[in-house]
Each structure stands twice: as C-alpha cells, then as structure tokens.
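Written below as structure tokens is the structure these notes are about.
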Amino acid sequence: VFSKTMRGELGYVTVSCPWSPVKDSIWNRTICMVTASSRPFVARKDARIWTSTSADTKARSFKNSKARSSEKPEAGAPADVDGRTLTDAKGGKSVDVKGRTSSTKGKVRKASNEKVRTSTDMGIVNKNRRLNSLIKQNRGDEAEKLFAGMRRWDVVTLNTMMKLYAARNDLDQVVHTFERFASADMEPSVISFSILIGTYASNGHLDRARDIIDTMAVTPNAVTFLEVMKVHARSGNVAEVEELLDTMKEREIPRISATYNTVLNAYCKAGMVSDTHLVLKAMEEDKVIPTAATFATIMSAFADEKNVAEIQRNYKLMRRMRVRPDAYVYAILIGALVEERKMEEAGTAMANMISDGVKPNEVILLTAIKFYALRGDAMEVLKCLAKLRQDESGLREEQVCAAVNALTTCGCVDAAHALLQKASTKTDVPVTVPAWNALLKAFRNDPRKAESLVSEMLRMGMRPNETTLCTLLDAYIRANELDKASALSVKLRRSKSPLGLISYATLMKLHRERGEVNLVKEVFSDIKKAGLKRNEIVYSTLISALGNSGEVNAAVKAYENMKTEQVEPNLVVAGALVDALAKNQEFRRAHRFLDEMRLDGLDPNSFSYTTLAVNLFRAGMYEGAKHIVKEAEIYGVEIPERARELLDDRAHARELKFADIDPDQL
C-alpha cells in the first residue's frame, strides 16, 4: 500500500492506494481512499490503467483515462491521489504543499511529478548521485533513509532503489518500488522492467517473469531476457533457454555475448559440453563476437571433466579469434596443466599471461604456489604469498594453508614452520589451527617432531582439533608406537564433538596394525551408525585387515558390497584386494582379478603387480613371479628395481631374501 500524509488548506490529509502489483500482467490502480481531518472522507475511482492493449504495438505508454479529466470532483474531495496537491471544490483551485494555488476549473490538472524519465532538477540529480555512492559503499540503510526523505524523484531514483532491493533479493520491496512509477505518473524504463523480471525469476516465479516480458509496455532488450535465461541455465534447462533465444530472434531483439554465454552455461550444466562448439557457430552466424567469458565458461566445464586437451584447444581457438584471455581463462588453463603435472606447458602459459599483461588473481596465485611447490622452488612460493598479502583484503586462512602445504611439498618444512611462527606475530594474518595442521602433516613419519609441534600449538593458546589428533595418531601408527596410538585413540573417542570420517579411518588403521580385526569391523559399522558415507579409504583398510587375518572371502564380499553402496572402487581398494588374495596364496584368483580390474576401467598399477610377484616368490613359485613381472612390462607398468631382480637367476645364488620385502614399501 502506497501511503503519504501531506498538509494543505484542508488540514492533514492521508492518501492510501491499495494495489494489485502484478495480476494477469496488468497493473491496475483501484479505489483511492482519501481521508481529511476537517471533512468527511470520500472515495472515487481513478480510471488510469496501464496494460497490454495491442499485440501489434511493441512500445506502449502509460496513459491517463479521459474520464479523469472530465470528471468533476465532489465537494470536499481532494483531487490528486499522490498527495502533492489538494483541490478546493468551492473555489475550483488546487493547493500544493507550499500553499500556492492555481486554477483547475475547466482544464486537465497534471500531477506535480510529470512523466519525466530522467530529471534535469539538480536537486534530484545530486540526491541520485548520493544514493549511488551510498549503495556502492554498502551503506544501504542510509540510502533507504535518504530515499524516504525525498519529496520528488525520477526514474533513475526508483531504478537505483530497485537495484538495491534486488541485490538483497527482496521481491516485496522491488515490487513496491516499481509501483511508485504509477503514483508519480512516470513510465517505467526497460531497466525498471529488467530489474523487476530478474527479481521474480531469481525468486522462482519464472512464469510471472515470462508473462511480464510478453506484456510489458516498453520494448525489452537483451538484458531483460538474460535474467530469466540465467535462472534456467543454472538448472541446466537447455530447452527453456533456447526457447527464450528463439523469442528474441523472432522479436528482432539484438543478442549480446552474455546471451550466448548463458546458453553455453546451460549446455555445460546439462552435461552437453561436447556440443558447445554448436553455440560458438551460432554466435558466428549471429555476428556476435565471443569474449573471454565465453571461452572461460567452456574451459571451466572441460576442467571439471579433466579434459586438458580440450582446454588447450579452446585456448588456441580464442587466440586465433583474437580474443584476449583474462585472468579467469589463465587460472583454468594453468590449474588444469598443473593438476596433470604438465609443468613445462604450465610454465609457458604463465609466461604468456605475463606477456599479455594480465594481472594474476587469487586463483592464479594459489595455482602458481602449487606449481612452484611441485618444482621445488620455495622462493617463488614465498613471492606468490607476498603478492597475495598485497591484496587489500589481506591474507585469508585458506591462503596461508596453501602456502604451508606448498612449502612442505617443496621439502622446505623449516621455511613453512618459520612462516607460521612469523605470521603468528602479525595481527593481519590469520593463523589458526588448520594452518598448523597443514604443517603437522609433514611430520607424519616423525612422531617426535609432531609431538613438539602440537606442544607449540598449545603454548600459543590453540586447541588441537580432530584433524590434529588424527594426524598425530597416524604418526604413532607409522612409527609402530601402537601403545601411544592406543592411548591417543581413547582420548579421540572421548571427544565431545562427533567424530568425522577421517577419525574413524585412522582408528581402523590402528586396529589393523594391532591385528584387531574385530575392532576394525566394529569401527566400520560405527561409521554407518553415525550417518556418514563410507569411502574408498575405509573400504581399503577393511579389506586389508580381513586379508591379514586370512578372511579372504570376507574381503572379496566387502569389495562387492562397496559397489552396492555406490562407492566407486579405485586402484587403492583394488590393490588392497590383490594384496589380500596374494598373501593368502590365492594366486590364480588374484591374477584373474587383474583382468576384472581392466574390465572395470582400472588398469592395475605397480603395487598390484609387485605384491603378487613378491608373494609368489615367497611361496617359492619363481617362474610365476617372473611371469607376473614380464606381464607388467607388456602393459607398460613400472616395477621397482628390487622386484626386477626376480628376473636375475643369480638372485638365488645371492640368497636374496624376498620374504623380508614389504610390498607396501616397494
């Protein structure tokens, strides 16, 4: 309800206008109830209607009915519903809010806010600038107060406020502000409609948004359609997006690059990445020039599929089309190359980025940290970290963790430790428990250093969390300090917070090393009771424990059950089953399973062949062990050097004790 209280010759007057914002695509001003303190209130019909009246006319206007101008006001009835002028029925004069009068008898009286799209009044212009400034500074509440105090406004004012409410996704306020166009006798602009349509669409009212597009009084543009297309694209609804695109073509509305970028996004969300070249072809036919965002959308989808070849192909294509790559394109390209360990090509891409004058963003810098870490270049890692810190927002926790992980990957554990110690003295650098946990992982093979780091955390007032305890527990298990591990596991179980999957997996590993297969099964069952989804790590630990205890059939059944729980087996789980079969001298069964792995799309790796060969040698089946090693060579699988010595007949003469070889170490 639009309501305003003004003071005129009749006293204080309140004007209230009940509205039906959008109903059957019609904005209809209904009865206006006018009350005055000095006279009885009256009600009269304001016949102004704005609607879709002609299908042949694309541009329609906001019209006043002739009935309004010819109708004589009743005695005591204020004439203007916007509350700015009041009519003295006896004298036939209108009184504005400042007490000025003008004759209204026998002619049409216009509202004080005429149908002006943008005002030339510097008072309004300056307030519009102030509104924009406040909104850009995230001072929306102050902008609302300023708007509430404005006695006059123009289309820019209302559009600015609609944008503010749309950013908050406040549909009610957007609609209410849109209704003020009618109360001020102004035509909504295409921007006004675009904001209204976009807010309806983002709130799930897609049919209502489409109705407004079909019946709006001004010609829509590409942005008007774009808001609805984006919502459909996010859900991968290609049919609706293409239908809107066809409508734009039928109505001869120019398409822009953002239009086709949204179509591409819909294709990618629907899993139709391989068909994105058709959209590029359609852009070419429509004479719409692709942008960096166009190719970034395609490359991002291929990155999700880990298709580096297509990412590189699209990068070369945009180069040929003379589209300048931006930071997002380089972030996707370099990130994909680093993930595939294509370090030389990643280095070339980084050089191209620098030559293009592209300023690296946060994603690129974090990728560069990983890139230099894999190359073992600690100095470059620290340089990237310094660039991150130069950002106005300063370093964030995940960035510090990334730097620590990178330095430990380089083998620069001392540098990572020094970084955390130095950062802890800085108030602007967030150093929390996760950052220290990132360093603690580097000491999983050295329980003494792990203990020392945890003690340092405690001295700094940091409380170790679940990840901290699990990492320390893993260090004890790796060092075969099972008594300390058991004591720590009791503390972990007594924790008030519910255990996560990593804690359960570490406890299973402890019980496996202690040969407590029943406890392994118990923890495995507890995971399901806790409502957690069991993953590949949990299953590989269970299968390994069952194999160590001689329960081969149970291990095979666990592998089959994993598929029923929709957990995709990987090489680690499959290797654990091969190891379980080989340790129990089920050699033929283990060899057949290698073929089954290939049928499942898993190529047996070095561990699977090595554990089978070593266990064959332990059983005295030397020829069988040689056969497995030769088979591995045929499939291009690299076998560790010690296992290759099985092919050397002199190994028997040297009495090489393969019974002492641990397949896990190989």
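Heads up, the Cβ atoms here are built off N, Cα and C, so glycines get one too.
Predicted automatically and left uncurated, TrEMBL annotations should be read as such.
If you check TrEMBL, you get these features:
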- 53-117: region 'Disordered' (REGION)
- 81-99: compositional bias 'Basic and acidic residues' (COMPBIAS)
- 154-188: repeat 'PPR' (REPEAT)
- 221-255: repeat 'PPR' (REPEAT)
- 225-346: domain 'Pentatricopeptide repeat-containing protein-mitochondrial' (DOMAIN)
- 256-290: repeat 'PPR' (REPEAT)
- 326-360: repeat 'PPR' (REPEAT)
- 535-569: repeat 'PPR' (REPEAT)
- 570-604: repeat 'PPR' (REPEAT)
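Residues 58, 190-191, 193-194, 197-198, 201-202, 206, 209-210, 213, 262-263, 265-267, 269-272, 286, 288 of the same chain sit 6 or more residues outside the repeat 'PPR' (221-255) yet have a Cβ under 8 Å from a Cβ within it. Here the repeat 'PPR' (221-255) has, by DSSP, the following mix of helix, strand and coil residues: 26 helix, 0 strand, 9 coil. When pLDDT values are averaged over the repeat 'PPR' (535-569), the model yields 91. Counting residues of the repeat 'PPR' (154-188) by DSSP class, helix then strand then coil, yields 26 helix, 0 strand, 9 coil.
Long-range Cβ contacts of the repeat 'PPR' (256-290) within its own chain (Cβ-Cβ under 8 Å, at least 6 residues beyond either end) map to 222-223, 225-226, 229-230, 232-238, 241-242, 245, 248, 297-298, 300-302, 305, 310, 318, 321, 323.
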